[in-house]
Amino acid sequence: MITFVDTVVPITAQSTQPDLALPVGTTLDRFILSEQSAFPFATGELSQLLRDIALASKIINREINRAGLIDVTGATGTDNVQGESQQKLDVIANIRFIRALKNGGEVCAIISEEEDDIILTGNPNGKYVVAIDPLDGSSNIDVNVSIGTIFSIYRRVSPVGSVPTLADLLQGGRQQVAAGYVLYGSSTILVFTTGQGVNGFTLDQSLGEYILSHTDIKQPRTGSIFSCNEGNVAEYPDKIQTYLNTCRQRRMTGRYIGSLVADFHRNLIKGGIYLYPSTRKSPGGKLRLLYECFPMAFIAEQAGGKATDGRQAILDITPTDLHQRLVLYVGSPDLIDELLTTI
Ligand code: FBP
């Protein structure tokens, strides 16, 4: 006769040993559902869209974690529309997110860093459009340094059922209905806003669930970290060089990972300022407005931070091109104000 070892602790013992069944916390799904009532146009489509992005990010997370074991490191030998050499993981991430957004049915059009033109998803009744940087920090992929995904979501402006247009993608930053990023770092975290504050969800790899870990994130008003590529300093405008000198004189700490998502996240939590000024190579700035600057600016402002190109708030800019580049200064409000008084 086979006997089963009863590993279940008898009920009476459970009351005396509560940590045997600690609650796992609030899952992303449960959070989205509970917040759905606060969403404008809450018909569940935006909720499903956020779930689709979360699912694709879990698959990318798996590929990244196994990168050294499977053939996903290195370049593909092709360049993207930006003239940058495409890494294999750039292409894989691009395919995975586009597939998830197409299959979800909520999205009618996508603009991706890895694609020249608008991607029509074949969902003419989709109410949303998405701008996405499938894999941010490409230069760090092969060296096991934190990388990310950045996304921005809008309601379309063209009639539902019609063929999406350029106008659907070239909306102002304040038209975003949601924006977020996934940081594939020492842990994987999804941070997003729908205009009701900023929350972060850490991926519990054992459950495959995003669990609420950072509630109502507020960026510290100031901080002691400045983040820029010091290798380019000689090319920065004089006033930016002056500002960076004051940062050094104040013994602020220079921290630069070279992945916008990772540098932004650190400064969001600890306080700090990220700067990508104009350089000889990128006189208009390097970072892309639709799928890097707008989403990070929306999150920053929702967390009490600020984002500017030195002349105006990033979110007040009207885009003119799908892959438009921009100068970006983003971070703690007092540090941005100080920068603006200097430049
Ligand atoms: P992609 O990797 O998606 O092209 O993003 C641009 C980026 O890598 C940012 O993540 C990062 O902050 C910046 O460029 C680094 O640029 P540089 O190597 O010139 O400092």
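Using the three backbone atoms N, Cα and C, a Cβ is placed for every residue, glycine included.
Nobody curates TrEMBL annotations by hand; they come from automatic prediction.
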| Annotated companion of ASP133, LEU135 at the Mg(2+) 1 site, TrEMBL, chosen from GLU84, GLU106, GLU113 | GLU113
| message | Given that TrEMBL assigns ASP136, GLY137, SER138, SER139, ASN229, TYR256, TYR274, LEU275, TYR276 to the substrate site, pick the one from LYS239, LYS286 that the record assigns to that site as well. | response | LYS286
| Given that TrEMBL lists ASP133, ASP136 as binding Mg(2+) 2, which residue among GLU292, GLU301, GLU338 does it place in the same site? | GLU292
| query | Roughly how many Å separate the Cα of TYR274 (substrate binding site) from that of GLU292 (Mg(2+) 2 binding site), to the nearest whole number? | reply | 13
| task | Anything within 10 Å of ASP133 (Mg(2+) 1 binding site)? Look among the binding-site residues ASN229, TYR276, GLU292, comparing CA atoms, and list what you find. | result | GLU292
| note | Helix, strand and coil residue totals from DSSP for the domain 'Fructose-1-6-bisphosphatase class 1 C-terminal' (220-340) stand at 54 helix, 21 strand, 46 coil
| request: Using TYR276 (substrate binding site) as the reference point, find which of the binding-site residues GLU113, LEU135, ASP136 has the shortest Cα-to-Cα distance to it. | output: ASP136
| Listed binding-site residues with Cβ under 6 Å from ligand 1, out of ASP136, ASN229, TYR274 | ASP136, ASN229
